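Engineer: Shown below is the structure under consideration.
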Amino acid sequence: MEKMKVFVAGHRGLVGSATMLALKNHPDFEIVTRTHGELDLQDRAATRAFFMEHRPDHVVMCAAKVGGILANSKLPVEFLHDNLRIQLNVFDAAREARIDRMIFLGSSCIYPRGCPQPIKEEYLLTGPLEATNRPYALAKIAGVESCWASNRQYGTRYLAMMPTNMYGPGDNYHLEHSHVLPALIRRFHEAKVTAASSVVVWGSGRPRREFMYSSDLGDAIMFLLALPDERFAALTHPDVAPLINVGVGEDVTIREVAELVKATVGYQGELKFDATKPDGTPRKLLDVGRLAALGWKAKTQLAAGLQHAYEDFLKRHAA
Ligand SMILES: NC(=O)C1=CN([C@@H]2O[C@H](COP(=O)(O)OP(=O)(O)OC[C@H]3O[C@@H](n4cnc5c(N)ncnc54)[C@H](OP(=O)(O)O)[C@@H]3O)[C@@H](O)[C@H]2O)C=CC1
Ligand SMILES: C[C@H]1O[C@H](OP(=O)(O)OP(=O)(O)OC[C@H]2O[C@@H](n3cnc4c(=O)[nH]c(N)nc43)[C@H](O)[C@@H]2O)[C@@H](O)[C@@H](O)C1=O
């Protein structure tokens, strides 16, 4: 059987590297990658040339401008425009190169701030968005519509996956710009090393988040890539929004997860909540029934995932 050529865009990021790990030894796939330095997806002509030359059978679109709550709040123009530009270039090039299948990565923040929980795919565009990440969410919603419009107009099979908050090996551990878990892993670790008496946790500690270990997302992407054609086609039928949630099905408060990170790192001091920092959306627990009905479920428990993530942090940053 001929191998399926898959372009993993953003293969060195948190999600892209987990996707690479899941695909690596699969005999049915030939993987194509380009680093950001080799191919800037904001460069329209270069993106087009790459797609026309390589004509992959499938694209896994993990390349994006990504960051935590503060990065999103401070750089709204970049989070909107960079993501829109990358997406327009990739979707247009994919159309010209007649790419039939794509998995586009969105995020659970595309759903309305106040929507019922757990969040079903059909709640998209039923209410106002959370202000701290509205520009990013709007870019991602445009990506969902690009998938759907292309499926309707050109008969493609483009699917948008909406993952919950991710963490795992190779995460961004920047103290200001990263997501909550890598930031807390680093802050608790540094507090342990310096014997600091307390660690700052942003916001009130009351928001709830659902956290998924990145290798589980790699596994879910692999599962969808390997679905038989007719089952993948059912998810991308032009009459249905091509949207599928991916998460673990349960959430915790930020205070609870901070306590878990503290225990994982082995820090003995106190937590101090910084109310000057934004809480963001109060809750965004995904309904993962659609993916479960296909036969996929996340495997990694939060405590075990945090342990692996901390070990990875130690290896990369604290040697
Ligand atoms: N992390 C999370 O909690 C979540 C992530 N997601 C989604 O998953 C996807 C991947 O996120 P994640 O892996 O965390 O993000 P990362 O920031 O870890 O990785 C993003 C990747 O995209 C690459 N990239 C960025 N801009 C360009 C560009 N102009 N041209 C080429 N490559 C580019 C980056 O390369 P470089 O670093 O060299 O710039 C990097 O390899 C995103 O779509 C995100 O929305 C969804 C939900 C949660
Ligand atoms: C994946 C997702 O990620 C972002 O949305 P978010 O879920 O709000 O992400 P976050 O991880 O930054 O924060 C989660 C919660 O945690 C609290 N918190 C405590 N202490 C720290 C801390 O030290 N750093 C950070 N970043 N947050 C902290 C923080 O105040 C908030 O209440 C968007 O990019 C969005 O677009 C998106 O898709």
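Placement of Cβ uses the backbone N, Cα and C atoms for every residue, glycine included.
The following feature annotations were taken from TrEMBL:
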- 6-230: domain 'NAD-dependent epimerase/dehydratase' (DOMAIN)
- GLY10, HIS11, ARG12, GLY13, LEU14, VAL15, GLY16, LEU105, GLY106, SER107, SER108, LYS140, HIS179: NADP(+) binding site (BINDING)
- SER107: site 'Important for catalytic activity' (SITE)
- CYS109: site 'Important for catalytic activity' (SITE)
- TYR136: active site, proton donor/acceptor (ACT_SITE)
- ARG187, TRP202, ARG209, ASP279: substrate binding site (BINDING)
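Provide an account of the burial state, proximal residues and distances for the features listed.
Structural biologist: If you take every residue in the domain 'NAD-dependent epimerase/dehydratase' (6-230) and average the pLDDT, you get 97.
In three-state terms derived from DSSP, GLY16 (NADP(+) binding site) belongs to a helical segment. There are 24 other Cβ atoms within 10 Å of the Cβ belonging to GLY16 (NADP(+) binding site).
Note: SER107 (site 'Important for catalytic activity') has non-local neighbours TYR136, ALA137, LYS140, MET162, PRO163, i.e. same-chain residues 6+ apart with C-beta under 8 A of its own C-beta.
In sequence order, LEU129, GLU130, ASN133, TYR136, ALA137, LYS140, THR281, LYS284 are the residues near CYS109 (site 'Important for catalytic activity'), counting only same-chain partners six or more apart with C-beta under 8 A.
DSSP assigns TYR136 (active site, proton donor/acceptor) to a helix.
Same-chain residues at least 6 positions away in sequence with a Cβ under 8 Å from that of TRP202 (substrate binding site) are, in sequence order, ILE69, LEU70, VAL180, ILE254, PHE273, ASP274, LYS277, PRO278. Secondary structure from DSSP puts TRP202 (substrate binding site) in a beta strand.
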Engineer: Do any of the recorded positions GLY10, ARG12, LEU14, SER107, TYR136, HIS179 touch ligand 1, in the sense that the CB is under 6 Å from one of its atoms?
Structural biologist: GLY10, ARG12, LEU14, SER107, HIS179
Engineer: Is any of ARG12, GLY16, GLY106, TRP202 (binding-site residues) within Cβ reach of ligand 2, i.e. under 6 A, and which?
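Structural biologist: Listed by sequence, the hits are TRP202.
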Engineer: Could you check which of the binding-site residues (ARG187, ARG209, ASP279) sits closest to GLY16 (NADP(+) binding site), going Cα to Cα?
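Structural biologist: Minimum Cα distance from GLY16 (NADP(+) binding site) across ARG187, ARG209, ASP279 lands on ARG209.
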Engineer: ASP279 (substrate binding site) to GLY106 (NADP(+) binding site): how many Å between their Cα atoms?
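Structural biologist: With the alpha carbons as reference points, the distance is 21 Å.
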Engineer: Roughly how wide, in whole Å, is the group GLY10, HIS11, ARG12, GLY13, LEU14, VAL15, GLY16, LEU105, GLY106, SER107, SER108, LYS140, HIS179 that binds NADP(+), by largest Cα to Cα distance?
Structural biologist: 22
Engineer: Around the C-beta of SER108 (NADP(+) binding site), how many further C-beta atoms are within 10 angstroms, looking at every protein chain?
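Structural biologist: Excluding its own Cβ, the number within 10 Å is 22.
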